[in-house]
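Q: Among the features that Swiss-Prot reports, topological domain 'Cytoplasmic' is placed at 1-90, 552-898. Sequence annotations record features per position, and here Swiss-Prot assigns region 'Essential for channel gating by both voltage and cell volume' to 19-37. Annotated region 'Modulates channel gating by both voltage and cell volume' per Swiss-Prot: 39-52, in sequence order, evidence recorded as similarity to another entry. Among the features that Swiss-Prot reports, transmembrane segment is placed at 91-124, 133-158, 183-201, 208-226, 278-298, 324-352, 361-380, 432-452, 460-483, 534-551. Annotation comment: Swiss-Prot describes 167-174, 242-254, 258-266, 500-514, 517-528, 529-533 as intramembrane segment. The motif 'Selectivity filter part_3' annotation in Swiss-Prot covers 460-464 and is backed by similarity to another entry. For 647-675, 726-766, 856-898, the entry in Swiss-Prot reads region 'Disordered'. The compositional bias 'Basic residues' annotation in Swiss-Prot covers 647-658. The phosphoserine annotation in Swiss-Prot covers 710, 758 and is backed by similarity to another entry. Per Swiss-Prot, compositional bias 'Basic and acidic residues' is recorded for 737-746. The domain 'CBS 2' annotation in Swiss-Prot covers 790-850.
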């Protein structure tokens, strides 16, 4: 019993990985371990070996590699020496961050090159077929449909975890949640190729969110590679610090904005950030952005290192004081627009999930939904068609370049003569003006982007929202230029309106409203290369965040809820009632616990009562003094070891030795560990296996041999082994009749094959009734916790702790549950689910509304079934009866109330 318990300790210390479940759009994560439970139940029933019994293969220390004679050993020893030299001269962190920045810069530049080639190919096909409108439409529509379909299919086949942005998942990973196969090599390949095809199709999709995921995968893979040489990267906790730096690198190399990238990654992935990781993010992001722009110069895309969207606003007086109300209006309107975008995106997913018939049909045809969405958007953006009224022929980069133009498009309602006319004229079609084109562009791109981001391909939403905000700001700027055609007059001079500055303000405001970040202002400054409009940008971004945060969660928090990831909502601001809510108002008082002097029956009942990951260990049910906590896996291992088939066979063997005394057994009674049983099979003389009649298979003692006996001798122990092997054998009369029916020729042509009988074949020694009786006896024995690793100091709170302080502690420490004690006595428990639902339901129009104690640790249905033969099987049974814990996963009702 000590070995499984000790092994279960090691297993229990590892966090549970959330499984990814494919859905039509985003997918969801769940901690449902039904498959593992079924495998474990089958193993226990068959008496198979425990998976944790296999000893880990020891790794050769680096000091002993020089004694190896193979070529691989010498190469590895050389690499270890080079690694030690670099570490001693430079440092491990610097090497890691330089490699991470270099790899991400190369990946970003290569992807941008491939995306630009795909977009140019689409424009080339469209221009080449302009003489035939039907062929031009087919080419315009078919090209993105093929790319999106390939991206969706490739991602679903290789790694479904690569779907979507990646920032919501990284936010939960940095909090301590383990997502299965989310940072693997195949997910990296699927993300890179799928994102390249998705952005190359021309759909309104973004790159920033997926690049955070790509950078995190690079950091994880690089950590595994460097851990081969030893050092700090063998420590799993060290990887979290590098993942935080990788998130900054992902944004930095995407927009060549290292400062904004670091700040943005901190805002969207962390509630509390360790300042010791600050320099890592800045160094890696700066190096990555530098290499990214150097590669653009090397490829002759740029003449020198410059901003990604260079602007030329006047620096002496970029704006006047009288324009600040207009900038404030942009911020407030962007706040409402950002909240509406998040609501529309979540509503699309909810509507599709509620339509069960359509959802089931599209789930069977997984590529149909992305193809239909792409077909719809491509049809509406067809340049000779409706796309001419919304600048459909421009890509996102060309759209931003024209929107940030510092020249005025409209003066007194007339379109100015613009140079170059290739891109700017897209905003002034023959039968419309600039205002109508901008309004149609904003409205159409708004719902198109909300719909396109639900496609199951690697994609983000930052860049589409950024473009929509720039268009809205440009609309306000052009309106201001039309209202003040001669500019704004002051005492001494006149200042002309610059619509491009309004576009910069609108882009930062709407992006900040959707993501609930202020760092978008810094990203805009680095993208444009000018900081002239810092005051209007900051005013608009702060106002937009104030409005959006009071209406809707951020886009990333909304996706976290859609995907059923563990999360802890923010308390928000201005809710002073939450300071008066105490832990005693929201805690669960019926805490599942085990006493120090409990029996195995009490352990079984405690496991059936709760799905929690840990159980409280108290001194006695009367005193309820908290001694510590024990992992659920350890309790399961204790119960499984107590009711294991090996113990059952050992008990049966001892009982047989005590009640039966054959001569051979008296001299040397066999033990369960050393007894060897044989199984006899009949084969033809030619070597082909023979299939005798069914009664012949079940002859008890005629074909059994034992060590030290002749093949014809009869030994009682061998007979017992074969009777257990062939349980339910027919009467001896039926066996004798079947023997007489065999011909003598077949008997002569047979030979005997002797093989070892497995332990699982010996379970037939005891009938189901005897097994149940034996288990009832074992369940009444006391539990010995000396072989279990007990946490003597689990996290505890007092009942007077406020809800605000509890939220801060949970966010800062990353804990998922805390016991509530009073002078050492256990009186309740608060989990992540209770805290989340208390925060979401704590404020009403009348004041504080305290939710009743929630049911995450209440009794689950424990109806017994007559078909169960063992108590261990009942423990690991179907999840509807005694499911394994889904700690931290929101309930199904959360998805309905989004």
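Heads up, the Cβ atoms here are built off N, Cα and C, so glycines get one too.
Show me how these features fit into the shown structure, please.
A: Here the transmembrane segment (91-124) has Cβ contacts under 8 Å with residues 140, 143-144, 147, 192, 195-197, 199-202, 207, 211, 214-215, 218-219, 222-223, 226, 231-233, 242, 245-246, 249-250, 253-254, 280, 283-292, 295-296, 299, 393, 395 of the same chain, all six or more residues outside its ends.
Long-range contacts of the transmembrane segment (133-158) within its own chain (CB-CB distance under 8 A, at least 6 residues past either end) are made by residues 22, 118, 121-122, 125-126, 186, 189-191, 193-195, 197-198, 200-203, 366-367, 370-371, 373-375, 377-379, 382-385, 455-458.
Sequence-distant neighbours of the transmembrane segment (183-201) (same chain, 6+ residues past either end, Cβ-Cβ under 8 Å): 107, 111, 114-115, 117-119, 143-145, 147-148, 150-152, 154-155, 158-159, 161-162, 166, 173, 207, 210, 213-214, 216-218, 220-221, 374, 455, 457-459.
Through the fold, the transmembrane segment (208-226) approaches residues 92, 95-96, 99-100, 103-104, 107-108, 162, 164-167, 169-170, 173, 183-185, 187-188, 191-192, 195, 233, 238-239, 242-243, 245-247, 249-251, 253-255, 265, 269, 458-463 of its own chain, all at least 6 residues removed from its boundaries and within a Cβ separation under 8 Å.
Tertiary proximity for the intramembrane segment (258-266) is limited to same-chain residues at least six positions away from its ends with a CB under 8 Å from its CB atoms, namely 212, 244, 247-252, 273, 278, 281-282, 285-286, 288-289, 515, 517-520, 522-526.
Here the motif 'Selectivity filter part_3' (460-464) has Cβ contacts under 8 Å with residues 165-167, 204-211, 345, 396, 445, 449, 452-453, 511, 514-515, 555 of the same chain, all six or more residues outside its ends.
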Q: Report the listed stretch (278-298, 361-380, 432-452, 534-551) having the maximum count of Cβ pairs within less than 8 Å of the transmembrane segment (324-352).
A: 534-551
Q: Taking the intramembrane segment (167-174) as reference, which of 242-254, 500-514, 517-528 has the most Cβ pairs under 8 angstroms?
A: 242-254
Q: What is the average pLDDT across the topological domain 'Cytoplasmic' (552-898)?
A: 63
